[in-house]
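Pulled from TrEMBL:
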- Lys36: active site, proton acceptor (ACT_SITE)
- Lys36: N6-(pyridoxal phosphate)lysine (MOD_RES)
- Arg132, Met308: substrate binding site (BINDING)
- 239-367: domain 'Alanine racemase C-terminal' (DOMAIN)
- Tyr260: active site, proton acceptor (ACT_SITE)
Amino acid sequence: MSRRARAHVDLGAVERNARRLRGCAAADVLLCAVVKADGYGHGAVAVARAALAGGARWLAVATADEAVALRRELPEPPILVLGALDEPDLARALGVGADVVAWTPEFVRCAEALAGNGGARLHVKVDTGMGRLGARSREEALALAELIDRVAGVRLCGVMTHFATADAGDAHFAAQLASFSAIAGVVRARHPGVLVHAANSAAVLRAPAAHFDMVRCGVALYGLDPFQRDPAAARLEPALELRSYVARVARVEPGEAVGYGARFRPSAPTWVATVPIGYADGVRRTTGGGVDVLIGGRRRPLAGTVSMDSLGVDAGSHGDVRAGDEVVLIGARGRERILAEELAARHGTINYEVLCALGSRVERVYER
């Protein structure tokens, strides 16, 4: 097994996070595990199994390809495709029995034509303030639900929305929740048994009024905090560690250059460790800027610009870092830890992007 670039995924942590999130809602509320983008970089099939073991009953993805790949390994649980589907992708999603999201009459008619003997299971999506996909008004949403109910070969299975600011819990979130609650109430009265769902991870943790019949959890399932804080504040366990190793250690004299652009030039003799992981693997290209790694349980700053396939680390003047030493880019050793939230703050982004960026060259290693 190569040590070059490995993401160690703790499936026990995923399962425990699922149980924690499931416990945030009432006993009759279902948990949908969102495993799109290859399980937020963790590996969709493995984390889906762990989430199901932790109490999830549904799985959600973004694309038809993701639904097909997931169904190949998991034939039983319901799968919901959250994203837009053109006709070929809709046919593929329906072909593996996935539920899909609808927001136009044209889509409903297309689903009718493609449904075949298996039928098509549709969830009406309402755009209550996200500004992306969804019926744009109460009237559109209700008319679409009525159309689905009338059309042969398709079935109205759900009504849903997505929150733009659940992590902030502001007036915009309150307005979205109020708008959706009113629409969902009418749909539910006219179509008993329809599954009503809206809450993402932030709303699951912060807004019980948004739980309805099912909650959809992505980022928190992986132990990432939807509020960009320390995950421990929400009693979540980060499930992924990103590791590599020291390939070479070299003494660099004052004024000598390291890396592209020759941007790192030490003012005193120092040792620089070369680590064989780079931006092609998902490590953000940077010239340092306070980004550290852990070697031997100690923080060590980056030295110079991250390359496509490697990066440099300022190993200090003591010569205590050796070739072969483990390097932890995300994770904990001893009293030190580097969280995805820390890296996100350093790079001006969010923890979602940090882990979704991990490339296909990074080997996933599953543990419990």
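Heads up, the Cβ atoms here are built off N, Cα and C, so glycines get one too.
Note: TrEMBL annotation is automatic and uncurated.
Counting residues per DSSP class in helix, strand and coil order gives 20 helix, 48 strand, 61 coil for the domain 'Alanine racemase C-terminal' (239-367). Local packing around the recorded positions Lys36, Arg132 was summarised as the count of other Cβ atoms within 10 Å of each Cβ; on this measure the leading residue is Lys36. A gap of 18 Å separates the Cα atoms of Arg132 (substrate binding site) and Lys36 (active site, proton acceptor). Listed in sequence order, the residues of the same chain lying 6 or more apart from Met308 (substrate binding site) and placing their CB within less than 8 Å of its CB are Gly278, Tyr279, Ala280. Taking the Cα atom of each, Tyr260 (active site, proton acceptor) and Lys36 (active site, proton acceptor) are about 35 angstrom apart.
In the three-state DSSP scheme, Arg132 (substrate binding site) is classed as coil.
Model confidence over the domain 'Alanine racemase C-terminal' (239-367) is summarised by a mean pLDDT of 95.
Every protein chain considered, the tally of other Cβ atoms within 10 Å of the Cβ of Tyr260 (active site, proton acceptor) stands at 14.
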